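Copied from TrEMBL, the annotated features are:
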REGION    1-28  region 'Disordered'
COMPBIAS  1-10  compositional bias 'Basic and acidic residues'
COMPBIAS  11-24  compositional bias 'Basic residues'
REPEAT    123-165  repeat 'WD'
REPEAT    166-208  repeat 'WD'
DOMAIN    380-521  domain 'U3 small nucleolar RNA-associated protein 15 C-terminal'
Amino acid sequence: MEEGKVERRFPVKPKLKSKARNRKQTSESKYWSSFKTRQIPDLISVPSLTFSPTHPHSFAAAHSATLTLFSSQTLSPTAKISSFSDAVSCASFRSDALLLAASDLSGLVQVFDVKSRTPLRRLRSHTRPVRFVHFPVLDKLHLISAGDDALVKFWDVAEETSVAEFTGHKDYIRCGDSSPVNSDVFITGSYDHVVKLWDVRVRDSKSSVQVNHGAPVEDAVFLPSGGIVATAGGNSVKLWDLIGGGRLLFSMESHNKTVTSLCVGRIGNDFGEESNQFRIMSVGLDGYLKVFDYGSFKVTHSMRFPAPLLSVGFSPDCSTRVIGTSNGVIYASKRKVKEREQEKEIESSSFWRVAPVERTEKSVLRPSHFRYFHRGQGEKPSAGDYLVMKPKKVKLAEHDKLLNKFEHAEALVSVLESKNPENVLAVMEELVARKKLLKCVSNLGVEKLELLMVFLHKYCTMPRYSSLLMGLSKKVLEMRADDIIASQALKSHVRNLKRSVDEEIRVQQSLQEIQGIISPLLKIAGR
């Protein structure tokens, strides 16, 4: 009957592709990873970065008592403005990019002509350092400023006078922004934990809406809709609905330290289904840049930098991102433009153009072709091929190679010179298993024995290694007593070893006394 049974076999489809080791990147992570970062060094702490709203979108960086203009195309400095008596704290371009306002810690606000870099207006009214200056998005005639005197001033730039003054904050004012849909509305954030909404048409110095962030406010920005505000303070970024009376929408606490700056940027046109959407970028003293999608309320990308971050800016054409640090380095990132985007730009800019040449696909090789049997390693497998994976060669350490050659003493010396306690213990345990450890110790020279004594003195009292090293120390002293007596260096190591062991014994005795005191108390408490 057994001979009559038919053995059935089922073919198994081979796996043509090995599993990826790294987690698959999302489309948005690929987008932000396409920005290639370049450092702009030799500056001092950069508290403010601002982009020009018009093409080619140059940006201004405030550092020390200087305001430097950079080209967003080459990331190189194009001009410097040094007519400041104190450190520059903030800068802002007008909507047409013809004027640039900047404030410093002396309380002076200056308005410059961008082309000639000459100061056109000097606005003096603040008695303390000015931390915030801003041109309203839809207004070319007025300017907003605020500072450590807890005052908000609305300036007529042409007349060089303060049109309105707003009071209500109880601490330093450090940030603010103007509404993208209404030139008469703006916000300010202060160290009194409060963000206030002001209306220039209301002159009674009372804000219509105010929200409490719960921590000193470092930055506050309007979202493009004009009805939602993002505030940064402490380690959190919060979204508030101003139309709903200042209702809290969401709180993002992804940073580990204080969030110092916020920026709203639009992602590029070639970003799949989520093209032309806006993201909030936040930087903090923990060195992290976080990209936050406020539509889905989640962090979509994160990046670490090797210094505390103070400011961030993103160009309106989605091609340049700049980050200012406390150590005077600007991390400027340019996004690579793909060939098809360049072709679209050329097609849109030129009337006469040559039709592109059609790209023919490479013909599929079949077993009937001679070249089929001379394919290289870069050839991808077809559906019917069996993929044979070549095992990767394991790279061994020097002591592992010596153990494989049964050179035990050399392996012990090699791992002692590496000064890695885990590797030393692993080699010693292997030599114990091979019954060669004591033989290796007896054959060590005086210099190599000194290495072993240094290791025993350093690690024999550690609980992780004491079970093996205490017994080994005793054996070494018994076996190499003559060599130790003859060498002053070895004697000093033995004295250090004895001192460490005595100290450990005293610690253990103290712990036993404490245990004897606590154990009756624990029993009484258990009753």
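Here the Cβ of each residue, glycine as well, is placed from N, Cα and C on the backbone.
Same-chain residues lying 6+ beyond the ends of the repeat 'WD' (123-165) with a Cβ under 8 Å from its Cβ atoms: 86, 89-96, 99, 101-111, 171-183, 186, 188, 190, 198, 200, 203, 205.
Remote same-chain residues near the repeat 'WD' (166-208) are listed as 131-132, 134-139, 142, 144, 146-148, 150-154, 214-222, 224-226, 229, 231, 233, 240, 242 (criterion: CB distance under 8 Å, separation of at least six residues from the stretch ends).
Confidence over the domain 'U3 small nucleolar RNA-associated protein 15 C-terminal' (380-521), given as mean pLDDT on the 0 to 100 scale, stands at 85.
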